[in-house]
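Here's the structure we're looking at; comments come further down.
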Amino acid sequence: MGLNGCCSCVKFLMILINILFWIIGLTIVIASAWMLTDPTFVLSMTQSYNHYYIALYVFLGIGVLITVGAFFGCCGVLKESQCLLVSFFCVILIVMVAQIAAGAWAFHNKDKLDDIVRASVKYSVQEEYGQSSMSSRTVTFDTIQKNLKCCGADGPSDWATSRFNNVDRTNIVDIAISSMNVFYNIPESCCKDELKENVCEMSRKLKFGGTFNPAIHQQGCVDKLIELIYENWVLLFGVTAGVILLELLALTFSLSLCCAVRNHQYKA
């Protein structure tokens, strides 16, 4: 004979919560896989190439854990299994601790966000853009410049000392001297929309220290990226807090059911 009374209500709520966990877990897994395979994803520019992929694999791992935990939870409720309920409790507890730790780190370091994003974008412009070994970064930055209507990290002049213009970045003195009287090119993605191809081509050649052609975007991408992140900051923390609250409920219910199953077995 199975559990009844109040325990039946708890079982029903547990199943609903685990369905939500399945949805959340699968969403995280799909989003992580998409970001891993899509080189044009905007957030990849907000930190170094290696750190971005490490963060994505951690994010993917959390999604897999939530999905597996939801499976343990549903099976534990339906079979009234202490072992599966304890497994569910452990998995969700690990996920919740990881989320709280990540949230605390992000909140503590949010004031450093500007510096982190600026350094990453500047490095991509100066060192990575246009290099054959970093083709995905080139595609990503072109997408950012087109969609956010910006050019360079702080502005179009960033391209003057970029490897995109075959500048030798190993000698900063030579860069400073050689850049004073030369022309440099900027990427086609810096051109404003709906320009004729020949107009864009002519606008892409700039003189170091000269005025910018009105046919290209004047604002740098760093400020626009930071603005985009801050616009979604509250939403991100709100969703995370909601998921943690759901996890706390799930931990409480699973512990209650585990105790109820044990007591029921003793009485039997």
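Each Cβ is built from the backbone N, Cα and C atoms, and glycine gets one as well.
Annotations in TrEMBL come from automatic prediction, not curation.
What TrEMBL annotates here:
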- 12-34: transmembrane segment (TRANSMEM)
- 54-78: transmembrane segment (TRANSMEM)
- 85-107: transmembrane segment (TRANSMEM)
- 233-261: transmembrane segment (TRANSMEM)
State, in range form, which of 12-34, 54-78, 233-261 has the highest count of Cβ pairs under 8 Å to the transmembrane segment (85-107).
233-261
Would you kindly list the residues that approach the transmembrane segment (233-261) from elsewhere in its chain, counting only those six or more residues past its ends and only Cβ-Cβ distances under 8 Å?
3, 7, 10-11, 13-14, 17-18, 20-21, 24, 73, 76-77, 80-82, 85-86, 88-89, 92-93, 95-96, 99-100, 103, 107, 110
